[in-house]
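*Asks:* The following feature annotations were taken from TrEMBL:
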type	residues	note
DOMAIN	1-92	domain 'ABC transporter'
DOMAIN	122-185	domain 'ABC transporter family G'
DOMAIN	323-533	domain 'ABC-2 type transporter transmembrane'
TRANSMEM	341-362	transmembrane segment
TRANSMEM	374-397	transmembrane segment
TRANSMEM	422-445	transmembrane segment
TRANSMEM	457-479	transmembrane segment
TRANSMEM	486-504	transmembrane segment
TRANSMEM	570-592	transmembrane segment
Amino acid sequence: YVDQEDHLLPTLTVYETILYSALLRLPREMSFAAKNFRVIETMSELGILGIKDSRIGDAGARSISGGEKRRVSIACELVTSPSILFLDEPTSGLDAYNAYNVVECLVTLARNYNRTVICTIHQPRSNIFALFDQLVLLAKGHMVYSGEANKCQSYFENIGHKCPPGFNIADYLVDLTMYAVKPPTFDDENDGISSTISSNIAAETRPILRNRVSIHDIQDSELYEPNRRSLRPSDQQEYIGAFELNNRENQTLNNDSININMNSDGMTDHLRMLIISYNRSMIALGIKDEINRAITNEQNQPLLTSDGEYPTVSSHLRASWFTQFRILSDRTFKNLYRNPMLMLTHYCISVYLALLCGSLFYKVTNDIAGFQNRMGILFFMCALFGFGCLSSLHVFATERILFVKERANGYYAPITYFASKVLFDIIPLRVIPPILMGVIIYHMVGLVNGTAEIFKFLLVLVLFNLTAASICLCIGILFKEMGVASLLSSLVMLFSMLFGGLLLNKDSIPEYLTWLKDLSFFNYAFEALIVNEVVYLTLTEEKFGLQIDVPGATILSTFGFDASAYWTDVLKLTVMFGSFIVLSFVCLQFFVKERR
């Protein structure tokens, strides 16, 4: 199945895009060389071998043409050698030249490679329409023609709908069915009577100022109303009968096995006439006989094979979960390093702000002012990484439609896609930046000396960053509107900051609201950082010539912090991170899927 719109990764080349489709979907026992040969063969069939090393590109950047993108989308499905290829409006959004090239490729596939190609198409040009072998024409879900495309014009002429000279027959048929579904009407301003355009005489006898019929309506009436004089006698009787049936209640037309409800909501007389004419035509009877013969032949086939065994449907095992993860990781990594702006921005901001903060808080002192500065720099780092994790909203948002399409077409299991995306968001963007910033700030600010304390400091920063990112990731999956997701994520960050331990003293929180601070990941991270820094520190303050030594644990208790809560806070951050990662996958598994 090829969707109406092209959903492709802009950073990949044409060859890579089709190759990943082949690696994920072709049988696992098939060698890489065979899969690669199939990719080259498919590109050759569709005439895109010459652009195999060109990147897909995106809007506003240099890229391949729209027609070439459409053929790449077709190639991604064709590479699995399907016997039937279904396309939803393959010419939509293309100019005349590219539209013809796409359809010409489809015709070549059908005639030279023995494939069944089915596609929906709206108002094709005459040269495109001439390429089709069979035509199915629908009006409001009802079949009004099914047969050879080159015979449709003579068929409609026989039932009174003659395509005027110079008209494109495809345009005429589309307009005819639209007119049959909802014919134009006009209302008299004085008597309020509504009548159809089929009465041209009434329109012509009105005073010219009161005639509310537009030129478009008059033209539609002349073009799409059945010309009764051109009808054969049998068709004319059918036409008259259709209008008589319109005035009967609860009547149905029973034509062999075909039942049409004559009281269907919104079914017009013209639509009934088209349906009746087709169901009683020799074309419809011939198709029905062909279907019956196919069913009979199928029923007469022996159930057992020549070996005396029941025939089984051939089912090939596709790539394993590990192989899917490896392939998707490779694709995600290429997409990341070919579009490195987000990653470089995270790194540059981390280094720049680390140097700036290191200069502002350079070599803090061991007094009350120094304690304030310690609290300030630690809380600022948490706030910076918390709001920096809003970029996790885009991890799936930018590829949501691509994921839905690939999942529906059986490219991979959601768990492998999720794991590859999370892995390449976590390591480059959620682990490295806090380590870079933490190492620079720790030494410039002069935080507590000790190798163990440095590693404990970096551990909390990384865990906090991962937890904030997992929360934003979950919100980004649940809400596909980026404005809503961004607003909710910002509110979550602000709420968590409020109960982080700096803006609001923990001991002053009303008892019936104390559970709210247990939901704050800022609370756990900030408490762990300040405990790691101050618990064994002695602050010295001179007042009125007296030197006062204050143990760090005493100040911690004054602010409502637990001096022994470091590892408890680390454990809680780990649990929150794991919980939101699992919740994110559950949301992806059950809520992000195609609704057909």
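Placed from the backbone N, Cα and C atoms, the Cβ positions cover glycine too.
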*Asks:* Considering pairs 6 or more residues apart, do the transmembrane segment (486-504) and the transmembrane segment (341-362) have at least three CB pairs under 8 Å?
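*Replies:* They are not in contact.
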*Asks:* How many of the residues that make up the domain 'ABC transporter family G' (122-185) does DSSP mark as helix, as strand and as coil?
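*Replies:* Summed over the domain 'ABC transporter family G' (122-185), the classes give 27 helix, 14 strand, 23 coil.
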*Asks:* Which residues of the chain, 6 or more past the ends of the transmembrane segment (570-592), have a CB below 8 A from one of its CBs?
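*Replies:* Residues packing against the transmembrane segment (570-592) from afar: 396, 400, 403-404, 414-415, 418, 422, 459-460, 463-464, 466-467, 470-471, 473-474, 477-478, 521, 524-525, 528.
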*Asks:* How do the residues of the domain 'ABC transporter' (1-92) split into helix, strand and coil according to DSSP?
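*Replies:* Grouping H, G, I as helix and E, B as strand yields 43 helix, 8 strand, 41 coil.
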*Asks:* Could you tell me the mean pLDDT over the domain 'ABC transporter' (1-92), as a whole number?
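*Replies:* For the domain 'ABC transporter' (1-92), the model's average pLDDT rounds to 91.
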